[in-house]
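> Relevant sequence annotations retrieved from Swiss-Prot are reproduced here:
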type	residues	note
BINDING	Cys202, Cys205, Cys221, Cys224	Zn(2+) binding site
DOMAIN	198-466	domain 'CoA carboxyltransferase N-terminal'
ZN_FING	202-224	zinc finger
Amino acid sequence: MEKWWFNSMLSKEELGHRCGLSKSMDSLDPIDNINSNENMILNFTEKSIHSWSNGSSYSNLDLLFIIGDIPNLISDETFLIRDRKGETYSVYFDIENKIVEIDNYHSFSNYWNSSYGTGSKSNDTHYDLYMYDTKSSLNNHINGCIDSYLHSQMRLDNYVLRDSDHYGDNYIFDDIKTTTKTNGRDKNLEVTKKYRNLWIQCENCYELNYKKLLKSKMRICDECGYHLKMSSSERIELSIDPGTWEPMDEDMVSTDPIEFHSQEEPYKDRINSYQKETGLTDAVQTGIGQLNGIPVAIGVMDFQFMGGSMGSVVGEKITRLAEYATNQNLPLIIVCASGGARMQEGSLSLMQMAKISSALFDYQSNKKLFYVSILTSPTTGGVTASFGMLGDIIISEPSAYIAFAGKRVIEETLNTTVPEGSQEAEYLFDKGLFDPIVPRNPLKGVLSELFRLHAFFPLNQNSIGQ
């Protein structure tokens, strides 16, 4: 663990908005961190740090809390807090596991209640802290503060305060410094690797997005609006009304039909490892549910499972879904995210293209039902050459990578240069390859309107059984 100290100074309005405090921060002294390599008997000497109550003026101060520091700060660390009465408290944070432990908790609780219980309360009752009389509620509040702070600060890289005589009333200044007895750069790298599962880097602008908040934003990058990859479960949750999802053929698994030989890892072992990693049996989830009350049959491919490759199980599940939708007169949605046919199953994977296309022919041409294909990044290979491009309406996500063969394969095979961006959704849209480009935010509403236009209306009851 590293030794941290920082001087945190917030205005009453700013702090009250972020963490629900109704008092200024001059009641708390600078916060220190216990280094695990140091003597645990600490000397709390006064530090010559300007307090907020000094009324000191600051000009052109850089906000040093940059995005790269956040993964280091939110590791499992122990901080020492000293109040204005001289009492000290040891607070241990494990943000990843949501653990907050307070040493000398009784004194800390008394100070907390005396400081914030009898004083003036904020105008917004949601932020009053006089109610916090249990460790559980305090833990929840602290975790809520951290989430709120990260949410509001994560897009800030370097912020320079404007020239003003009243910085104390309007701005936040966090000066975070690290001192360590080991190599600081190596230590930071170690901490970053340890907690990188808390952050997701945008593939387009390379900014970090806080994983916990990213899901609520439909996995759309805060900085550039790029649509990051989603799991099949997240897409189902995004599109299907809560409590209406009924999965189909969940127990269907591949049996290594051609006994594919691999020197690195047997096919069955690879399947098993992806099943454990994703919780899925194969690269597609199929089922029925309601979309804004409208009964639908939906299949969602998952790129996290062997690159969304299409084998015999994927082909069979989608075929059965199309046949079920045909028999029940349901609209059909297939969300594509695939690298193409699965080479470990040879020609059996290729024949899935014809099998699915045959089922869709009966669904569309004979039954005159409505099939919507949604292309996400990436959609390539055998999926593009079959059911991905057979929709009555073909929708693409923004900036999706859509192709039959990859850029490298084309260039090596044809000995020609593939123009940059020629396999992206916007370029292909101009060429008429599909219909609309729809972002994730309005997608559910767009699908609902399309279904209504084709005479599919919501049910009054919750069940979609016929």
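Including glycine, each Cβ sits where the backbone N, Cα and C put it.
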> Under 8 Å Cβ-Cβ from Cys221 (Zn(2+) binding site), six or more apart in the same chain: what's there?
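Sequence-distant Cβ neighbours: Cys202, Asn204, Cys205, Glu207, Asn209, His227, Leu228.
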> On the 0 to 100 scale, where does the mean pLDDT of the domain 'CoA carboxyltransferase N-terminal' (198-466) fall?
93
> Within 8 Å of the Cβ centroid of the Zn(2+) site residues Cys202, Cys205, Cys221, Cys224, which other residues of the same chain have their Cβ?
Glu203, Asn204, Tyr206, Glu207, Asn209, Asp222, Glu223, Gly225, Tyr226
> Out of Cys202, Cys205, Cys224, give me whichever of these binding-site residues has the highest number of other Cβ atoms within 10 Å.
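Neighbour-count leader: Cys202.
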